[in-house]
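Features as listed in TrEMBL:
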type	residues	note
COMPBIAS	588-598	compositional bias 'Polar residues'
REGION	582-604	region 'Disordered'
TRANSMEM	13-35	transmembrane segment
TRANSMEM	55-76	transmembrane segment
TRANSMEM	88-109	transmembrane segment
TRANSMEM	130-149	transmembrane segment
TRANSMEM	155-180	transmembrane segment
TRANSMEM	192-210	transmembrane segment
TRANSMEM	280-305	transmembrane segment
TRANSMEM	325-350	transmembrane segment
TRANSMEM	383-403	transmembrane segment
TRANSMEM	409-431	transmembrane segment
TRANSMEM	443-463	transmembrane segment
TRANSMEM	520-540	transmembrane segment
Amino acid sequence: MEGKFGSRVFFQAADYVVCGLMLLAMMGIGLYYGFSGGHQRTSSEYILANRKMTVVPVTLSLLASFISVISVQGVPSDIYYHGPSVNWVLIPKLVGGVLAAMFYMPLYYRLGMTSVYEYLELRFNNVVKICGVVSFLLFTFSYLGVVTYTACTAVAAATGISVEVAIIGACVICSIYTVIGGIKAILWTDSLQMILMVVAVIAILIKGSIDVGGFSNAWRVAYEGGRTNFFSFTLDLTEFYNGLGFIIGQIPHSTFMINNQYMVQRFVMCKSEAVARASIIGYVAGMFIFYALLSMAGWAIYAYYEGCDPTTLGYTTKNDQIMPYFIVDAFGHIPAAPGMLLTGVFGAALSTMSSVLNANATLVGEHFVKPFWKGLPDTTYTIILKVLVVLFSFTALGSAFLVPILGDAIPMMMTLNGCFQGTVLALYLLGAFVPRCGSKGAIAGYTVGLVLGLTLSIGKVVYPSTSPNLPLSADKCLNETFFGDNGVTYSMTMLDANVTVPFQNSDSPDTPTFFTLSKIWYGFVITASTMIVAIIVTLVTGENVTSQLDPQLVYWKIQSNLTSSEDKKNLEDSNLVELLDGGLDSNAGPSRQESANDSESHTIGIPTISSQTAIIDTVC
C-alpha cells in the first residue's frame, strides 16, 4: 500500500519485536502474581486482591476496562465521519459517577459484597437476582465479541494476518494472564495498557498536528469541514448522532458504575471507602481528559486526510478502521512506531476482555456454583474460578466470529447496552429510590423491558440502518497516492469484503415506524418502560414492602433516618476519622450481620451530601 504522499509503508521487524515484547510483558505480570504472594490460591486473593488495593491501580484499571478499544477507535472515527456529538456521553457518565460515589459504592462496600447482584437478592428476592445475573452474562457475551473483533480488525490490517488468527491470539494471551495472575494481574496489566493507550493517542495527535501545520490549523480544517459542531441537538428520534440522544439516551450505558460487576468488584477490593471514592473521582476525571485527547486526535486525522479520504478511495471499508489506517500510514516510515501504537490499541481490548472474564467467572461461581455445592473448600472453589475463566474465553472467541455482519462497533454497543443493561439498571433504580416496589413489580417490569429490548434489537437486524457520513472527498490526492500493490502488509483491503458496511444507507422506506427509533435511545426507552411497568404493577397489586426493608438498601429511608443534626454531625465525624485512620479494615468490608445491627440503631448508613463533600475535599 502507498502512503498518503506516495511513500510505501511496511510492517517492519522492529514492529513485530515491539508487539511481542509488550505482549510478553502482559503475560509476565500474570506469571509474577501467579507465583508470588499467596500464589492466587484463595478466592479472596483471586477475585478481590484480599481487599487491599490502592487508588492508582484501581483508577487506571477502571479507565482501561471501561474505555475499551471501542472508544479508542470509535471516538476518533466518529469525529472524522460524524462530528463531536459523541462527547455528550460524558454527561451521563458524570451522573453515574455521582450516584456511585454518593450512594451505591458505600452501600456495596459496607455490606461486604463480592457480587453486585447480591443487592437485588437483599432488596427483592433470588429470582430478581438471577434475572440480573443472566442479563449481565448475555450482555458480556455480545460485548466481548464486539471488543475482540474491533481490535483484531486493526491488527489484521496492519500485520497481514487474518482476522480469525488475530482473534484466537487475543483470546489465548488474555486467558493466560487472567487465569494465572487473577485480579492483581488484571489491575497491573490494565495500568500498563492504559499508559500505552494514552501514549498512542498523544502520539497520533502530535504527529497529525505537525503534519498539517499545528493543531490550530487542524481545528480550522475540521471547523470548515463541519466536524466541530458540538450542538447538534434534535428531537428527531431516528437520528443516531444527536447530542440530546447521547445525554439522555445513554444514561443506562453510562451509569454502569451502579450495577456493573467488574466496576463494583473494583470498589470492594479497595482497602477503604476513601480509596474507592477517590478511584471513582479519578475515573470520571480521566474519562473527560481521555475523551478530549481522542477528539483532538480525530480532528488531527481529519485534517491530515483533507481532500484525500481513504474511505472515498476504497482503502478503508469500515468507519472504525480510520485510526489504525492512520497509524500505519503516518508512522510507517518510523521503525517500531506502528508496532508500539497498535499495541496500545490492542491493549485496550485485552484490558476489557480480562476484566469481563474475571467478572463472569465470579458471578457464575458466587451464584451458581456455591449455592449448589455446600461446604465447597476454598482452594477447590478457586480452581473452579480459573476453569470458568478459560470457558468464558471460548465464549469470547465464538462471539467475536459473529460480529462482522452486525455493523459498526459503537452503534452496536448502544443496542446491546439498551437491551440487557437498561432493564437491570431499572431494577437498581427501583430498589434504591422506590421503597414501595417489591419483587412482583420488579419482575413484571423486567419482563416487559427485556421483551421490548429484544424486539427492538431484532427489528434492527431485520430492518438495518446506518447513519450517513458528513461530506468526504478525494479531490486533492496526488496522482500516485494509494495506487500501490494491495498485497503488501498494511493493506486495509486485506479485510474480508463480507464485513463491509455501506456508509450512506439510512432506514428503508419499508421500515415500520416502530423500528425507525435510533439505537441511541434504546437504553433510555427500555429503562423507563421497565420502571413505569414496575410502578404500575406495584400500585395495582397493592404491594408495599417499605416496612420490611433494611434502611441501608433504600435511599429515602436512609435520609429519613438521619433527621437530627446530632446524628448528621456524628456521621460526618465518623467518616472523617475513618478516612484519616486509614479507612475500614483492609481485609474486608463489614459482615452482613454487622450491617444489620448497624441499620437497627440507625447510627451507620450511607453518608449525607455534606459528609461526602468533606471526604472528597480531604482526598483531593
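Cβ coordinates come from backbone N, Cα and C, glycine included.
Stretch with the most C-beta contacts under 8 angstroms to the transmembrane segment (130-149), considering only 13-35, 88-109, 155-180, 383-403, 443-463: 383-403. Comparing 88-109, 155-180, 280-305 for CB pairs under 8 angstroms to the transmembrane segment (325-350), the maximum falls on 155-180.
Within the same chain, residues 11, 16, 23, 26-27, 29-31, 33-34, 40, 148-149, 186, 189, 321, 324-325, 327-328, 338, 342, 346, 349-350, 353-354, 357-358, 386, 389-390, 393-394, 396-397, 400-401, 488-492, 494-496 sit at least 6 positions outside the transmembrane segment (155-180) and bring their C-beta atoms closer than 8 Å to a C-beta of that stretch. Between the transmembrane segment (13-35) and the listed ranges 88-109, 192-210, 280-305, 383-403, 443-463, the one holding the most Cβ pairs under 8 Å is 192-210. Comparing 55-76, 88-109, 192-210, 383-403, 520-540 for CB pairs under 8 angstroms to the transmembrane segment (443-463), the maximum falls on 520-540. Just going by CB pairs under 8 A, the stretch in 55-76, 88-109, 192-210, 383-403, 520-540 that sits most against the transmembrane segment (280-305) is 55-76. Sequence-remote contacts of a segment are chain residues at least 6 beyond its ends whose Cβ falls under 8 Å from one of its Cβ atoms, and for the transmembrane segment (520-540) they are 237, 240, 242, 245-246, 248-253, 411, 414-415, 417-419, 421-423, 425-427, 429-430, 434, 436-438, 440-442, 444-446, 448-449, 452-453, 456-457. Across the candidate stretches 55-76, 88-109, 383-403, the maximum count of CB pairs under 8 A to the transmembrane segment (192-210) is reached by 55-76.
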